[in-house]
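K.L.:
Just dropping this structure here.
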Amino acid sequence: MNPAHLLVLLAVCVSLLGAANIPPQPLNLLQFKNMIQCAGSRLWVAYVKYGCYCGPGGTGTPLDQLDRCCQTHDHCYDNAKKFGNCIPYFKTYEYTCNKPDITCTDAKGSCGRTVCDCDRAAAICFAAAPYNLANFGIDKEKHCQ
């Protein structure tokens, strides 16, 4: 075999080994983002660091109605995990959007339908809740005990 071909093959193998250590990204977050846009007018990034429960993790008492939407969504995902093999952050699902109406179309009782229903309820809740800019990017250690 040509030495140049061996070098290319080696480079491909090394890059594949490196890629094997990259954790998979949550797949349904793109769907959830699109669902949020379907239900309301705020960009999804407005919710990433909002209050005590919006974004990763969550603790303490929700600061307002919007933060309660995120807490409820977290609890809904916790319930979805009881399906055994249901991992909400990685479970994709089918739905339709006819602004502002969202319809989940996976089979009732399935993991996908349950996760879709969680995301749908949260998106509708987000759209209905007032947004308090003072609750964005707060110090969670100070305000969320």
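The backbone N, Cα and C atoms fix where each Cβ goes, glycine too.
The structure displayed is predicted, hence computed values, not measured ones.
According to Swiss-Prot, the protein has these features:
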type	residues	note
ACT_SITE	His73	active site
ACT_SITE	Asp119	active site
BINDING	Tyr53, Gly55, Gly57, Asp74	Ca(2+) binding site
DISULFID	Cys38-Cys97	disulfide bond
DISULFID	Cys52-Cys144	disulfide bond
DISULFID	Cys54-Cys70	disulfide bond
DISULFID	Cys69-Cys125	disulfide bond
DISULFID	Cys76-Cys118	disulfide bond
DISULFID	Cys86-Cys111	disulfide bond
DISULFID	Cys104-Cys116	disulfide bond
SIGNAL	1-19	signal peptide
K.L.:
So how many other Cβ atoms are close to Cys125 (disulfide bond), meaning within 10 Å of its Cβ?
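P.N.:
The answer is 18 other Cβ atoms.
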K.L.:
Just checking, which of Cys111, Cys116 (disulfide-bonded residues) has the fewest C-beta atoms within 10 Å of its C-beta?
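P.N.:
Output over disulfide-bonded residues Cys111, Cys116: least Cβ neighbours within 10 Å is Cys111.
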K.L.:
Would you list, in sequence order, the disulfide-bonded residues among Cys70, Cys86, Cys97, Cys116, Cys125, Cys144 whose CA lies within 10 Å of the CA of Gly55 (Ca(2+) binding site)?
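P.N.:
Neighbours among disulfide-bonded residues, in sequence order: Cys70.
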K.L.:
What's the CA-CA gap between Cys54 (disulfide bond) and Asp119 (active site) in angstrom, rounded?
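P.N.:
Cys54 (disulfide bond) and Asp119 (active site) have their Cα atoms 13 Å apart.
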K.L.:
Work through the disulfide-bonded residues one by one (Cys70, Cys76, Cys111, Cys118) and name whichever has its CA nearest to the CA of Cys38 (disulfide bond).
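P.N.:
It is Cys118, whose Cα lies nearest.
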K.L.:
Looking at the recorded positions Gly57, His73, Asp74, Asp119, which ones sit with their CA no more than 10 Å from the CA of Cys144 (disulfide bond)?
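P.N.:
Qualifying among Gly57, His73, Asp74, Asp119: none.
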K.L.:
Looking at the recorded positions Cys52, Gly57, Cys69, Cys70, His73, whose Cα is closest in space to that of Cys116 (disulfide bond)?
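P.N.:
Its closest listed neighbour, by Cα, is His73.
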K.L.:
Cα-Cα, whole number of Å: Asp119 (active site) versus Gly57 (Ca(2+) binding site)?
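P.N.:
That separation, Cα to Cα, works out to 16 Å.
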K.L.:
Write down the Cα-Cα distance for Cys125 (disulfide bond) and His73 (active site), rounded and given in Å.
P.N.:
10
K.L.:
Between Cys97 (disulfide bond) and Tyr53 (Ca(2+) binding site), how far is it from one CA atom to the other, in Å?
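P.N.:
Given the Cα positions, Cys97 (disulfide bond) is 26 Å from Tyr53 (Ca(2+) binding site).
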K.L.:
Can you figure out which of Tyr53, Gly57, Asp74 (the binding-site residues) comes closest in space to Cys86 (disulfide bond), comparing Cα atoms?
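P.N.:
Going through Tyr53, Gly57, Asp74 one by one, the closest to Cys86 (disulfide bond) is Asp74.
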